[in-house]
Amino acid sequence: MQGAQIISIGSAVPDLCINNKEISQIVETSDEWIVTRTGIQERRVLTGTNKSVVDLAYSAAMKALDKIHMDPLEIDLIILATSSPNDLFGSASQVQAKIGAARAVAFDLTAACSGFVLAIVTATQFIQNGSYKNILIIGADVLSKWIDWSDRKTCILFGDGAGAAIIQACYEEDNAILGFQLNTDGKQYKKLSITYKENNYSLNTLKLFQGQFQYISMNGKEVYKFAVSKVPASIIKCLNALHLSIQDVNWLLLHQANKRILQAVANRLSVDNYKIISNLSKYGNTSAASIPLALDEAWQNNQIAKEDIIVISGFGAGLTWGTVVIKWKC
């Protein structure tokens with residue numbers, strides 16, 4: 001069995017930045033209220049005619065490719081983790097065409113805020129079983145298009161962005177995707193969802209119904225309790241399986257959901273604040289993009305060193321949560 005490792009990463013965010021003061025002009029809130037409860041100071045929002053998640057995914061992917069001077073034709077598989085596709089049938093194929101990866105298979109993966117973790121795990125399986133050599137994974141979301149901007153419980157939280165990574169086959173002894181642990185509790189799906197709702201009247205004599213997707217709905221208190229209880233347990237279970245302790249970990253990278261969640265999880269694990277990778281204050285909750293966006297920024301800032309052990313954990317809608325432990329090789 002061959003190994004797998006991340007060899008490059010890139011990210012992209014929209015140009016438009018909306019700070020808390022501007023949000024307070026839309027709904028009844030304030031910068032102090034938002035920062036105190038979430039840690040978010042500003043977020044990026046995608047605007048413009050015909051702009052979609054594909055544009056952000058393309059930009060992030062090209063940055064990851066350009067950093068290592070890789071030809072897109074070398075990519076065998078593209079996995080786009082998104083919950084806000086440009087096309088309900090999937091947007092990965094559009095990314096494939098846009099970057100010129102004509103030889104790659106492409107598909108979407110929908111797991112909301114856990115999407116990038118599942119993309120890493122899925123790509124690693126394809127590589128370790130010998131199916132593919134070079135896989136491009138992308139976490140990208142434009143949840144601003146699915147927000148009720150009159151609902152202050154949700155509109156203050158989310159931003160748009162994309163992050164991409166290239167995972168490549170390597171010798172088994174050089175494997176850097178060390179282990180993973182995944183979970184789902186579908187009984188709690190209503191706590192964070194974008195549900196489809198049918199009209200309550202039929203359109204014709206055949207009793208056929210049509211409807212539409214609703215805005216983001218979230219029970220914040222329940223999501224907090226879920227994350228703070230489940231995520232530390234997932235991380236410990238994953239580390240134990242690898243015979244690693246929390247002291248062996250150089251960096252903790254959690255889905256950038258909320259400052260209180262990040263701090264509570266770190267406290268439960270007894271992780272020092274200086275080991276937490278976070279850019280939540282600048283971008284808000286970017287769903288599947290949040291982990292690669294923070295990882296790329298940490299790398300660009302020389303925060304991460306080669307051979308560092310990074311614990312990555314995503315959690316959110318589904319409810320789904322999971323952990324992957326990697327060794328940094330870039």
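Glycine too: its Cβ is placed from the backbone N, Cα and C atoms.
What Swiss-Prot says about this one:
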ACT_SITE  C113  active site
ACT_SITE  H255  active site
REGION    256-260  region 'ACP-binding'
ACT_SITE  N285  active site
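Secondary structure at C113 (active site), taken from DSSP and collapsed to helix, strand or coil, is helix. Counting only same-chain residues 6+ beyond the ends of the region 'ACP-binding' (256-260), those with a CB under 8 A from a CB of the stretch are 37-40, 113, 157, 223-224, 227, 278-281, 283-286, 290-291, 293-294, 315-316.
In the three-state DSSP scheme, H255 (active site) is classed as coil. On the 0 to 100 pLDDT scale, the region 'ACP-binding' (256-260) averages 96 in the predicted structure.
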